[in-house]
Amino acid sequence: MPELPEVETLKNSLKDKLIGLIVENVELKRDNLRYKLSPLLATEILNTNILDVRRRAKYLIIDFNNDYSLIVHLGMSGRFTLQSANYKTQKHDHVIFDLSNGEKLIFNDTRRFGMIYSFKTDLLEQEFFNDLGIEPFSDLLTLEYLKDKLQTRKRPIKNLIMDNRVIVGVGNIYASESLHLARIHPDKSGSDLRDDEIENLIKSIRDVLTKAITAGGTTLKDFVNGDNKPGYFTQQLTVYGKEGQSCLSCSSTIIKTKHSGRSTFYCKTCQYRLASFTI
């Protein structure tokens, strides 16, 4: 599933190309993706100018000059790409936006776990994103903030940093990578982290996400940016997907476990932990 770096990469690839264009037509090829598509989607943004393209958590947001915004979640296999006027529709193209420069913005989703909504722009934070935590790069992500969120929670730290009510956008890949960089065992209880570990974890999350964005995200299978190009952070992964391989830091063996049904990868030496944790 695309995480924060992939959506940030998508935003960066589309923003300058879309701002100022008008949506001249919206074609819904089906009436549902993960959830039912609103029939109003085709009318609420019709003949409107694109003012901005931005990101919140793992959502791509396109703002229009009629005070509506388009909210896009890629799900497991979604692709949101800009195509030329002579583009031939593909099998899993579900929503097509015809733009005033002749190009088409295509939402393609093989597994149909993606989501597209239109929503009043000024109500997004209060109503649509009201349950989301803070952004990893926000100045609000401080030792005090994260310590307060962790100190009463006995859950494994990996689960906690993937909880969008705590920090948004840190999915499975980047949680494993960040914890390895911070040398924190993924099973360690959030409430057991020392202040220096919390500060190091915040820095590690930001460092990993920054490198991933610079590399254009991680493409394991489906992700491409708005120009239909894959991400290359896969080549920089240190533990994720490396089960049985040697740790690049200490040469110990990378271990694979499960947290809430998700694969977790860590180094048994760099991320050594005395006590066990029952999940």
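Going from the start of the chain as shown, residues are counted 1 onward.
Yeah, the Cβs are placed from backbone N, Cα and C, and that goes for glycine too.
Residues annotated as active site, schiff-base intermediate with DNA in Swiss-Prot: Pro2. Taking a C-beta cut-off of under 8 angstroms and a sequence separation of 6 or more, Pro2 (active site, schiff-base intermediate with DNA) has the following same-chain neighbours: Leu10, Lys58, Leu74, Gly78, Gly217, Phe223.
DSSP classifies Glu3 (active site, proton donor) as coil under the three-state reduction. Per Swiss-Prot, active site, proton donor is recorded for Glu3 (among others), and the stated evidence type is sequence analysis.
The Cβ of Lys58 (active site, proton donor) has 23 neighbouring Cβ atoms from other residues within 10 Å, across all protein chains displayed. For Lys58 (among others), the entry in Swiss-Prot reads active site, proton donor, with the evidence type sequence analysis.
Annotation comment: Swiss-Prot describes Arg262 (among others) as active site, proton donor, evidence class sequence analysis. Just so you know, the Cβ of Arg262 (active site, proton donor) picks up 14 other Cβ atoms within 10 Å once every protein chain is counted.
Taken from Swiss-Prot, the feature DNA binding site covers His92, Arg111, Arg153. Residue density at Arg111 (DNA binding site): 13 other Cβ atoms are found within 10 A of its Cβ, drawing on all protein chains shown. Under DSSP, Arg111 (DNA binding site) is assigned to coil, being neither helix nor strand in the three-state scheme.
With DSSP states grouped into helix (H, G, I), strand (E, B) and coil, the zinc finger (238-272) comes out at 0 helix, 14 strand, 21 coil. What Swiss-Prot records for 238-272 is zinc finger, and it gives sequence analysis as the kind of evidence.
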Averaged pLDDT score, the zinc finger (238-272):
94
Neighbour-count leader, CB within 10 A, recorded positions: Glu3, His92, Arg153:
Glu3
Tell me the Cα distance separating Glu3 (active site, proton donor) from His92 (DNA binding site), rounded to the nearest angstrom.
21
